[in-house]
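As recorded in TrEMBL:
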DOMAIN    1-134  domain 'N-acetyltransferase'
Amino acid sequence: MRYTIENKQPLPQEYCDLRKVAGLSPKTLEAAEISLPRSLFAVTIRDGERLIGMGRVIGDLGCFVQIVDIAVHPDFQGQKLGRVIMEHVMEFVKTECHRCAFVNLFADVGFLYQKFGFVNSVKSQGMYLDWSKV
Ligand SMILES: CC(C)(COP(=O)(O)OP(=O)(O)OC[C@H]1O[C@@H](n2cnc3c(N)ncnc32)[C@H](O)[C@@H]1OP(=O)(O)O)[C@@H](O)C(=O)NCCC(=O)NCCS
């Protein structure tokens with residue numbers, strides 16, 4: 001592979017930029033600075049210095065774990081980089097998380113996750129806080 005893959009956090013600004021260009025909901029620099037150091041795990045893919053892909057795991061390792069920020073820059077999509085990111089994420093999950101852990105994600109694209117063992121929730125409905133209501 002001609003790209004550099006590292007198990008480390010991206011910088012807050014490049015994280016914000018990648019989320020935006022990949023079409024994920026935008027995050028402020030301040031939020032990213034709070035969030036990134038609290039990750040359990042992160043993987044980045046770089047083309048030279050440029051961040052072109054990432055994935056992150058958050059949670060408590062034992063009971064609840066969430067996979068977030070799976071993103072590949074549009075110029076580099078379709079080259080199996082999303083799969084590589086998920087392989088690194090799942091290696092961490094399988095080796096570091098307790099088998100009791102409820103490992104979950106909000107999937108915008110189911111095709112990427114089903115092959116790694118994720119299934120649709122049938123019992124519970126995913127919900128999130130609408131900040132305008134509180
Ligand atoms: C989703 C995303 C991370 C995938 O990254 P990618 O590098 O383009 O994906 P890959 O090339 O690694 O493809 C991964 C697999 O999905 C398949 N795939 C890709 N696009 C597909 C599509 N539209 N429909 C069905 N399968 C698809 C590939 O064939 C590949 O399968 P394989 O590993 O069995 O061969 C990337 O498109 C992205 O960043 N999208 C915008 C942000 C986003 O939606 N993130 C997910 C939030 S939950």
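Every residue number used here counts from 1 along the chain in the order it is shown.
Cβ coordinates come from backbone N, Cα and C, glycine included.
Just so you know, TrEMBL annotations are computer predictions that nobody has curated.
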Within the domain 'N-acetyltransferase' (1-134), residues counted as helix, strand or coil by DSSP: 47 helix, 32 strand, 55 coil
Arithmetic mean of per-residue pLDDT over the domain 'N-acetyltransferase' (1-134): 97
